[in-house]
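> One structure, as structure tokens, below. Some questions next.
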């Protein structure tokens, strides 16, 4: 971090899920549109080292960065909103902070000192914030996870309070997102929760510079004056976060209120006028869609759609590029069997089986894949979805009825999917993996090059000889079965650079049947979409028209 870099801290109050991530990403978009180099950070107060082993039903999606970090789903928002890519340095947790401090204590780096939250934990938080910012960055927006008042967030709030003192007011800014409940019966907007939230923040030693008030309807100047009076925040530093049809409208709404101009003024930034023409085009494309196409997503985390956040967005983005609204029909794979499978898919244009872990709901996914293959329904499999497509093909085309994955059935005699026995850690060291190895941080993670087969549909879609996609898996196609599968008509249209790992499969006789070991959804953005998803949606549109 250079001596001119500015830091905007975004906190949240009253309740969770107000949209801190979208607000932070929207501010980054606005500042980027003014010619500034902007990056972002997410600080998570949970004690897990990373979200890699957390249930998607509790935490939502685990977003994987290009350099192989398992991170919070908000980093997906960041990458979809701004051009800079996130890395391991852009997300850290309480667990990671404590892990670093305790390792240093064991090494004797603290020279016998008593290790305490202040100064040792707060110093490590400050170090990670400052060291994670490249020298060419003009502004970094740091989102503090959790809600003000939570005991877990206190070390982070104390650390940023100290940073304000150390860096000065001209280099730091506190933006606080809060809730203004609208009581329909009374027809009133209530400001009391916001007053108490700011009071709670002040009790920690932080005075908000800017307030963003989430409300389902616009509030007028009288409410602004009241909020300003009781929070010590200037009236012209209070902004509305109103509900919109698409989250990609949020930057435009903030710009209309002069939010970015106020940030430039408060931080004394040398910035040009905002050029939001490209972003306006993105929003216009979303708003102008005419048709609709329905995709069935067959998974086991469907009770929380946030578990598939990037995948949902990738499908929506592809639909916008093709001029249709994508409607996702979430199907719980545990409910699917041979007797009812048709009832789930009779009204859909395509089927998708996403990634996942564990044996629950596996047979329902395999039955769904078989239905798509036999009925010429466009199919896309991702990660586990590709592995199950290989298992289904081995069972029903090769006749290997007990074909399985050693992850799901360790004693299977025909493990067409097996464990990758060698993996590379974050520090670049190579380790050997067994079925009893730790689960956390021991996967094939991050961007890897995939070489595409000449003449394949994948090569035609990507219009390239090789691509880089992000991975998150421990298991791969067993190379001992590849030749037999190819002889039976399955094409391995993408392989790792060393030709050892199978990355893409397709069935040439099928209308559109592709599955990939990687997670291409992590690189889809509303600006650029993603070629694989666009081809898939096009196939779904054509199938729907027929």
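Indices start at 1 and increase along the chain as displayed.
Cβ coordinates are placed from backbone N, Cα and C, and glycine is handled just like the others.
Found this in Swiss-Prot, in case it helps:
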- 1-269: region 'Amidoligase domain' (REGION)
- 16, 190, 191, 192, 193, 194, 195, 226: UTP binding site (BINDING)
- 16, 150, 151, 152, 190, 191, 192, 193, 194, 195, 226: CTP binding site (BINDING)
- 17, 18, 19, 20, 21, 22, 74: ATP binding site (BINDING)
- 74, 143: Mg(2+) binding site (BINDING)
- 294-546: domain 'Glutamine amidotransferase type-1' (DOMAIN)
- 356, 384, 385, 386, 387, 407, 474: L-glutamine binding site (BINDING)
- 383: active site, nucleophile (ACT_SITE)
- 519: active site (ACT_SITE)
- 521: active site (ACT_SITE)
> A 10 Å Cβ contact count, applied to the binding-site residues 19, 193, 356: which residue has the minimum?
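Across 19, 193, 356, these binding-site residues, the one with fewest Cβ atoms within 10 Å is 193.
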> If I take every residue in the region 'Amidoligase domain' (1-269) and average their pLDDT values, what number comes out?
94
> Between residue 143 (Mg(2+) binding site) and residue 19 (ATP binding site), what is the CA-CA distance rounded to a whole number of Å?
11
> With an 8 Å cut-off on Cβ distance to the 356, 384, 385, 386, 387, 407, 474 Cβ center, who else from the chain surrounds the L-glutamine site?
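Near the L-glutamine site, beyond 356, 384, 385, 386, 387, 407, 474, sit 355, 357, 383, 388, 405, 417, 473, 475.
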> Spatially, and counting Cα to Cα, which of the recorded positions is closest to residue 151 (CTP binding site)? Options: 16, 190, 193, 519.
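Closest recorded candidate to residue 151 (CTP binding site) by Cα: 16.
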> Reported as an integer number of Å, what is the Cα distance between residue 519 (active site) and residue 383 (active site, nucleophile)?
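Rounded to a whole number, the Cα-Cα distance is 7 Å.
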> Select the most exposed residue of 20, 192, 226, 474, 519, where exposure means the fewest other Cβ atoms within 10 Å, treating these as the recorded positions.
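Ranked by other Cβ atoms within 10 Å, the recorded positions 20, 192, 226, 474, 519 bottom out at 192.
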> Among the binding-site residues 17, 191, 194, 195, which residue has its Cβ surrounded by the fewest other Cβ atoms within 10 Å?
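Among the binding-site residues 17, 191, 194, 195, the sparsest Cβ neighbourhood within 10 Å belongs to 17.
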> Can you tell me which of the binding-site residues 191, 194, 226, 385, 407 is spatially closest to residue 21 (ATP binding site)? Compare CA atoms only.
194
> Near the ATP site, what residues other than 17, 18, 19, 20, 21, 22, 74 in the same chain have a C-beta no further than 8 Å from the centroid of the listed C-beta atoms?
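So the extra residues in range turn out to be 12, 23, 24, 77, 143, 177.
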> Determine the Cβ neighbour count for residue 18 (ATP binding site): the number of other Cβ atoms within 10 Å of its Cβ.
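Counting Cβ neighbours of residue 18 (ATP binding site) within 10 Å gives 19.
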> Just counting, how many other CB atoms are there within 10 A of the CB of residue 21 (ATP binding site)?
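Result for residue 21 (ATP binding site): 24 neighbouring Cβ atoms inside 10 Å.
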> Between residue 194 (UTP binding site) and residue 385 (L-glutamine binding site), how far is it from one CA atom to the other, in Å?
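Rounded to the nearest whole number, the Cα-Cα distance is 45 Å.
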> Counting other Cβ atoms within 10 Å of each Cβ, which of the binding-site residues 16, 387 scores lowest?
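Among the binding-site residues 16, 387, the lowest count of other Cβ atoms within 10 Å belongs to 16.
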